[in-house]
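Here Swiss-Prot flags CYS48, CYS51, CYS55, CYS83 as [4Fe-4S] cluster binding site. Positions annotated as Mo-bis(molybdopterin guanine dinucleotide) binding site by Swiss-Prot: LYS85, GLN152, ASN177, CYS181, 214-221, 245-249, 264-266, MET375, GLN379, ASN485, 511-512, LYS534, ASP561, 721-730, ASN805, LYS822. Residues or ranges marked as substrate binding site by Swiss-Prot on the basis of sequence analysis: TRP797. Per Swiss-Prot, domain '4Fe-4S Mo/W bis-MGD-type' is recorded for 41-97, and the stated evidence type is sequence analysis. According to Swiss-Prot, the feature signal peptide maps to 1-31, an assignment based on sequence analysis.
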Amino acid sequence: MTISRRDLLKAQAAGIAAMAANIPLSSQAPAVPGGVESLQITWSKAPCRFCGTGCGVMVGVKEGRVVATHGDLLAEVNRGLNCVKGYFLSKIMYGADRLTQPLLRKKDGVYAKDGEFTPVSWEEAFDTMAAQAKRVLRDKGPTALGMFGSGQWTIFEGYAATKLMRAGFRSNNLDPNARHCMASAAYAFMRTFGMDEPMGCYDDFEAADAFVLWGSNMAEMHPILWTRVADRRLGHPHVKVAVLSTFTHRSSDLADIPIVFKPGTDLAILNYIANHIIQTGRVNRDFVDRHTTFVAGATGIGYGLRDDDPREMAARTAEDPAATTPSTFEEFAELVSEYTLDKVSELSGVEPAFLEQLAELYADPDRKVMSLWTMGFNQHVRGVWANQMVYNLHLLTGKISEPGNSPFSLTGQASACGTARQVGTFRHRLPSDMTVTNPERRQDAEEIWRIPHGVIPEQPGLHAVAQDRALHDGTLNFYWIQVNNNLQASPNNDGEAWPGYRNPDNFIVVSDAYPTVTALAADLILPAAMWVEKEGAYGNAERRTHVWHQLVEAPGEARSDLWQMMEFSTRFTTDEVWPEEILAANPNYRGQSLFDVLFRNGSVDRFDLSELNPVTPTAESNAFGFYVQKGLFEEYAPFGRGHGHDLAPYDTYHEVRGLRWPVVDGKETLWRYREGLDPYVEPGAGVQFYGNPDGKARIIAVPYEPPAEPPDEEYNIWLVTGRVLEHWHSGSMTMRVPELYRAFPGARCFMNPEDARDMGFNQGAEVRIVSRRGEIRSRVETRGRNRMPRGVVFVPWFDASQLINKVTLDATDPISKQTDFKKCAVKILPV
């Protein structure tokens, strides 16, 4: 028998997944008695619930319950493969502690901040919630209301949220947990190209000659895409892989150029590579002259800490951290000329030979390069700079917007791209890259939404970390969290978030499927439907929009986040939320409910129930009397059509395994900005970065600046946080899957064995991890998948019994406001 390399890789992937979950694999599976048909399982397509890869899965339903899933052979993304988490999707909805009814803190029969959680009806839950929101609106106005959403929201849910908050409550205090993972990437796209999202796609994996991973452990965090990297590398001897990280991990095992650098010095390495390209005469001057302009970024931009923090006061000299000034190629070359091989090697701790080999991957005009990055770059106090500096390398060499030449920002959540970014649930955004600060774009949104001009406020709201601080300070008093475990995920959560949640002036609502750390800190818990318990749509990292039908009912009284927002809107009239001057100028809106204004507005409600799939239920549509999801999608789509964000008609998505936008004349776009590949590029332009008015991309000159909190004599160890293969984010789903729990039941403090020996710790010893903000206990791990350099420890954050974010620093990139979870100083002490 012969076996192809691809089949071998598939078998290896299945074996790794099985071993991770302690599942024995038989050499030959037994036949099903009576054949597969006898199982009477109905199969339907859906995208995976977990990361932003967007794998297609087939979901098996029997007797109203999801009983099995498997990789979708027709899905281009994963071609039938799943990672170990994907194999257990059928179990994520059936944890023993699934929430099935609203829970309100009560004492003596009434709501009390210090009361016990008590089951209540949806009517009482919403009545209490509405009364609290109206109290805050009356006493402090709309800026005291906030909502924290998610890159796991469906496109419909995110769109409903941005309408409810901006057009309904007139508050821009809406932000997603994607602030913690993708904000730096989004800002860098906008600052460089004038449009968000990657220009390439997953097809680049089969065309590239080199893969450079910047702060990305793809083998564990994007394992299905990693199989495509491995297939390309192992099947083509000329292909090279470089992996840059602050410690050695599973992705490093495939690396031809394994690089471990000192935390924060990736900025210097990036400037060294740019200098190498210039000094060796490999700049593509024709491309640079025709398609780019140069700018210099503001420096001394601080660390996004509170204004009175001494570190912030010492580091911040720039008035506007996001400011840029026109520059030239010569000025750029002068700045990067300081980053010599010897200087950067000493600063970063990387061997000169590895740095030279890395630089040559980019400099070689005959080698196509795919750069890949995720949290190591984005969770960085200079994350926007880091993203833009990678674009510098691709723009200097012209290696961009064509098969195999691709700077590619990987995404961590299922719809961080499709919902958080494209729908516009960040504090400053509207759909399709529009912003609330632009009066023309606000007016565009108001016309599409059929609301009066002037309703949408122009001031950006509070970002994620600022929301925690405002809750703590008592200036944000009504707060609704959906589809995320924010308290476990927040940096410095003991110092900022926890006191804010329990501030007696604040009312906290959490919509979730399980009693998470965040839910248990709330005042009201609303039970939420999950994944295929609702009709949904996600947008993945390659701009692919994928839609699925509702396949099963949610348990008990659980309801989707979309239903919750729409139903909540029925409890408010415009008189209660809009100012008198708007109502006086538009008297026909006076007295209308927010539901009528936002959802039963002649646009969202224009598709009746006859358009529903007769086989699959749609809870929201049946509740409100019209096809809710189709109406929301078709109202949202015009934001992007004709503007480079074109979506296909909604019904089309039910027939395909996703389409990559822009979808023009029924055809998806794989590579953007290149003539012949992108319909928006004008004939004769060759390459056109049409997001910017001049059609050119920006190359930015910025220096290396050090992290906010380096180790010192007392706190002498770098702490890095992150994830592991078996668990996803805070573990609220995966820790309830028995096989995944057994595979990795608790977080560990990964440590260099020599550091452990010097400190007197044996393998498995319990230790205290202490920072200036807080401490936790964990156990030392000196073996296994993560091999730490001296002076660095790694702790994953999935374990609710080890809240490592008690320890982390709430520093953010001052441009993107994204949190740096990768660099703070700790000490390791015995228990």
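Cβ from N, Cα, C; glycine included.
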Between LYS534 (Mo-bis(molybdopterin guanine dinucleotide) binding site) and CYS48 ([4Fe-4S] cluster binding site), the C-alpha gap once rounded to whole angstrom: 14
When distances run from the Cα of GLY215 (Mo-bis(molybdopterin guanine dinucleotide) binding site) to each of the binding-site residues CYS51, CYS55, CYS83, the nearest one: CYS51
All-chain count of other Cβ atoms within 10 Å of CYS51 ([4Fe-4S] cluster binding site): 28
Cβ atoms near GLY215 (Mo-bis(molybdopterin guanine dinucleotide) binding site) (within 10 Å, other residues, all chains): 24
GLU220 (Mo-bis(molybdopterin guanine dinucleotide) binding site) and CYS83 ([4Fe-4S] cluster binding site), distance between Cα atoms, whole Å: 9
Inter-residue C-alpha distance, HIS729 (Mo-bis(molybdopterin guanine dinucleotide) binding site) and TRP797 (substrate binding site) (nearest angstrom): 7
Neighbours of CYS48, CYS51, CYS55, CYS83 excl. site residues, C-beta within 8 Å of centre, [4Fe-4S] cluster: PHE50, THR53, GLY54, ASN78, ASN82, LYS85, GLY86, PRO223, ILE224
The domain '4Fe-4S Mo/W bis-MGD-type' (41-97) [mean pLDDT, rounded to integer]: 97
Least Cβ-crowded entry, counting other Cβ within 10 Å, from the binding-site residues listed as CYS55, CYS83, MET375: MET375
Rounded to the nearest Å - Cα separation of the residue listed as 'substrate binding site' and VAL724 (Mo-bis(molybdopterin guanine dinucleotide) binding site): 9
Candidate nearest MET375 (Mo-bis(molybdopterin guanine dinucleotide) binding site) in space, where candidates are the binding-site residues CYS48, CYS51, CYS55 and distance is Cα-Cα: CYS51
Residue pair CYS51 ([4Fe-4S] cluster binding site), LYS85 (Mo-bis(molybdopterin guanine dinucleotide) binding site) - Cα distance, angstrom, rounded: 10
CB contacts for LYS534 (Mo-bis(molybdopterin guanine dinucleotide) binding site) [other CB atoms within 10 A, all chains]: 29
Under 8 Å by Cβ from VAL724 (Mo-bis(molybdopterin guanine dinucleotide) binding site), same chain, sequence gap 6 or more: GLU220, PHE744, ARG785, PRO796, PHE798
DSSP-derived class (H/G/I helix, E/B strand, else coil) of THR248 (Mo-bis(molybdopterin guanine dinucleotide) binding site): strand
Structural state of VAL724 (Mo-bis(molybdopterin guanine dinucleotide) binding site), classified by DSSP into three states: coil
Helix, strand and coil residues within the domain '4Fe-4S Mo/W bis-MGD-type' (41-97) as assigned by DSSP: 7 helix, 20 strand, 30 coil
